[in-house]
Number of protein chains: 2
Amino acid sequence: MTSDRLAPQRVPIALGDRSYEILIGSGLLSLDGAWAGLPASADALIVTNTTVAPLYGAALAERLQARHRRVLTVALPDGEVHKDWTTLNRIFDALLEAGCDRKTVLYALGGGVVGDMTGFAAACYMRGVPFVQLPTTLLAQVDSSVGGKTAINHPLGKNMIGAFYQPARVLCDLDLLSTLPRRELSAGLAEIIKYGPIADPAFLDWLEASLDDLLALDVAALSHAVRRSCEIKAWVVGQDEREAGLRAILNFGHTFGHAIEAGLGYGAWLHGEAVGCGMVLAAELSARLGLIDRALVDRLRALIARAGLPVQAPRLGIHRWLELMRVDKKAEGGEIRFVLLDGLGRATMRPAPDALVAEAIEAHTAPS
Amino acid sequence: MTSDRLAPQRVPIALGDRSYEILIGSGLLSLDGAWAGLPASADALIVTNTTVAPLYGAALAERLQARHRRVLTVALPDGEVHKDWTTLNRIFDALLEAGCDRKTVLYALGGGVVGDMTGFAAACYMRGVPFVQLPTTLLAQVDSSVGGKTAINHPLGKNMIGAFYQPARVLCDLDLLSTLPRRELSAGLAEIIKYGPIADPAFLDWLEASLDDLLALDVAALSHAVRRSCEIKAWVVGQDEREAGLRAILNFGHTFGHAIEAGLGYGAWLHGEAVGCGMVLAAELSARLGLIDRALVDRLRALIARAGLPVQAPRLGIHRWLELMRVDKKAEGGEIRFVLLDGLGRATMRPAPDALVAEAIEAHTAPS
C-alpha cells in the first residue's frame, strides 16, 4: 500500500432525515475531519469479531476515548454461522449490563457479518440508537456501506430477521485492507466489477486498466473503485430504498451465485467468488437470449479471472441448479427471474427457458 | 352491552407514508368497510394468545379466509412473562415453516403483549411486513393503537429490544370487550382518565358524567372514550414520534406507577391499577409544588376510585420508593423527572425535592 494521504472521498447518501455520508480514504481513523459531527454520547460500544479485534480494536477504542466518556467493546465469534440471535444477544447483554442509554453509539468494526449484526442491534436497542460503520473488508466497504440492510439468520433462512436501518456515517478506511487475505480481496472485487456491466461502461474500462493497481492495494485506485461502487449503489438504492423493483439489478450474478453457495455448502466458496462465477453465467445467458454480444461475455470473464475469481461453474447437475435457483427468494410462483444484461451498462429482470439456462451453465462448466 | 350499531368512528393517524386509520365501533369484524383497502396478500398469520384464541380466533380466521388464500394462526402463551425472544421466535418459525413471503400480513388479536410482539415480528420479518391490530382489551385499544411502539423484554429490562413500526390499520371492535374481566376494564379506564388532566378538561367533565355508562360497556360511551383518547395520543405522538420530549407527558402517573409495579413484584397490581394510583400521587405532588389546586387532586382521586382503581399507595417505604423511581428510565443523571400537572389540562416535566415526594406519597398511604 502506498503511503500517500489523499483527501478522503465523500459519497453523500440522500435519504431525507436518514441521510449520511460515506468517507473513503487512507488514515481515516486518525483524521479529525472524518469524525466531526457524529453523535456525541456518554457511552460507545465497539462491536467487532475475534479476528479483527486484535488488529484494530485498540486503535479504534483509543480514538473513541476522545469522543465518549466510556468505550466498551464486544468481540463476537467470527463467521456467518454466528449471525444468529444468540450472538446478537451478546450485544444487548453488553449494553444492558453496562446500563447504556438510548443515546449510546454503536461502532461496527469488521466485515459484512459484523455490520449486519451491529446495524440490527442498533435498530432494536431501545427501539433505535445511532451506529457508525467501519468496514474492514473490501466487500463490506462497497456492499454494506449503502442500502441500510441489516439482519440475522434464522435456522430456516438467511437474513430472514432484520431491519432497514441507516448508519450515521460509514468510514471506509483503506488502510484496514492491508491485513485482508488475498482471497477476500478478490471476493470484494467481484462486487466492484459488477457495477460496470449493470450501470457504467466507463467504470468497466477503468477497472480493466486499473485491476493490477487494485490488487496491489494502491490507495488512489482503491479509493476510486470504492467510491464509484458506492455512488452507483446509492443511485439505485435511492430510487428503491425498500427493494420494490430496481434494486434487484444489484443482484446481477447472485441468482447463479446463491445456487453455487448452497449447492457446494456455505463457506466452500466465498460469496464474492460465487458472484464472480455467477456473473459469467448471467452474461452467458444474456448473450444466448440475444441481449448482449458474445464479446462482452468474453470481456467480463477475462476481467473476473484476472481478479483472482473462479470463472468455471461447479458441476452441480442441471436439475440441482434449477432447484436451488427456484428456492432463491427472487423466484416468484416457481419462475426464476434472472438479472440479465440488456446491452453494456444496463440490467433487466426476466425469466429464461430452462434449456437456455442449462446451456449457459454447461458452456462454463469444465468437462467431467 | 347495547346492540346499537353506530357507524364506526375513524381516527386518522398522519405520519406521511406511514399514515393509517384507527376504526372504533361495534361489529367491526363483520363490517366490510372496516377491511376495505387493507393490503392483499396470499398469506396471513393471526398472532393471538391461548386465552383469546378460543374466544375470537375462529371468527377472525373465517373473516380473513375471504381476503387471503391461506390463513395461519399461532397462539402464544398468555402473559407479560412470555414477551421474550423465545416466544417471538415462534412467530418467525410459523412464518418460515409455511414459506410466507415478504407480503404476508400479520394480524395481532389480543392485548398489549400480543400487539407489541406481533408489531415487532412484523417490523423484523424479512425486514418488514404489514400488520393489522385488533386489540381485545380496553388498555390496548387506547394505549397500543397509537405510537408505533413495539418491543420484547430482555432479562435485564422491559421493552429494551424493539422498533418504532406503524400498523396498516387498527380495528378497535368494542364487542371484543364483552369478555374482558372487570379488573382489566378498570385498568384500561386508568389510561383513558389520564388524557383529561394532561390535555383536555372537557374530556374530564365528560368522563365524570359517563363513567357509569363506560363501566356498563355502553357502546356509544366506549366509542367516544376510545376515540378521544386515541385522538389526544395521536396529537402528542404526531409532534414527537420518536419520544424526544413532549411524548413524555403520556407518562403521567407512570413514574409512581412503575415503582409500584416493581416494588410489589410485577403482576401483583395490573399496570393500569398502578397508573391509577400513580396519577393520584402525581396530582398530589403537583399540588404540593403549587402547580394545581387541592380540589383537582380530590376530583381526580374520586374519579379514579369510581373507576374501580386503587387510590391508596402501597407501603413500600420512602427509601425504596425513591430508589425504584431513580432506576426508571426517565431518571437522567440520578434526578427523577416527574410528569406533573401545571393547571388542569396541561402537563409538565420537572424534578421535585425528595421531601415533597415523600409527603405526597405519605398523604395517600394507609396508616400502618
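Note that Cβ sites are derived from N, Cα and C of the backbone, with glycine treated the same way.
Unlike curated entries, TrEMBL annotations are predicted automatically.
Per TrEMBL, the features are as follows:
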type	residues	note
DOMAIN	B:74-186	domain '3-dehydroquinate synthase N-terminal'
BINDING	B:78-83, B:112-116, B:136-137, B:K149, B:K158	NAD(+) binding site
DOMAIN	B:188-331	domain '3-dehydroquinate synthase C-terminal'
BINDING	B:E191, B:H254, B:H271	Zn(2+) binding site
Those same-chain residues, other than B:E191, B:H254, B:H271, found with Cβ within 8 Å of the centroid of the Zn(2+)-site Cβ atoms are B:L139, B:D143, B:A190, B:K194, B:G253, B:G257, B:G272, B:A274, B:V275, B:G278
Mean pLDDT across the domain '3-dehydroquinate synthase C-terminal' (B:188-331) comes out at 93
Check: min Cα-Cα distance from B:H82 (NAD(+) binding site) over binding-site residues B:E191, B:H254, B:H271 goes to B:H271
Most isolated by CB count within 10 A, of the binding-site residues B:H82, B:K158, B:H254, B:H271, is B:K158
Within 10 angstroms of the C-beta of B:V114 (NAD(+) binding site), the count of other C-beta atoms across all shown chains comes to 29
For B:E80 (NAD(+) binding site) and B:H254 (Zn(2+) binding site), the CA-to-CA distance in whole Å is 17
Of the binding-site residues listed (B:D78, B:E80, B:G112, B:D116), the greatest number of other CB atoms within 10 A surrounds the CB of B:D116
Within 10 angstroms of the C-beta of B:E191 (Zn(2+) binding site), the count of other C-beta atoms across all shown chains comes to 26
Nearest by Cα to B:H254 (Zn(2+) binding site), of the binding-site residues B:D78, B:G112, B:V114, B:D116, B:T137, is B:G112
Cα-Cα, B:D78 (NAD(+) binding site) versus B:H271 (Zn(2+) binding site), nearest Å, comes out at 16
DSSP says B:D78 (NAD(+) binding site), in three-state terms, is coil
Expressed in Å to no decimal places, the gap between the Cα atoms of B:G112 (NAD(+) binding site) and B:H271 (Zn(2+) binding site) is 11
Going by C-beta under 8 A and a gap of 6 or more residues, the same-chain neighbours of B:T137 (NAD(+) binding site) are B:G110, B:G111, B:G112, B:L177, B:L180, B:E184, B:G188
The rounded CA-CA distance in Å from B:E191 (Zn(2+) binding site) to B:V114 (NAD(+) binding site) is 18
As a whole number of Å, the Cα atom of B:D116 (NAD(+) binding site) is distant from the Cα atom of B:H271 (Zn(2+) binding site) by 15
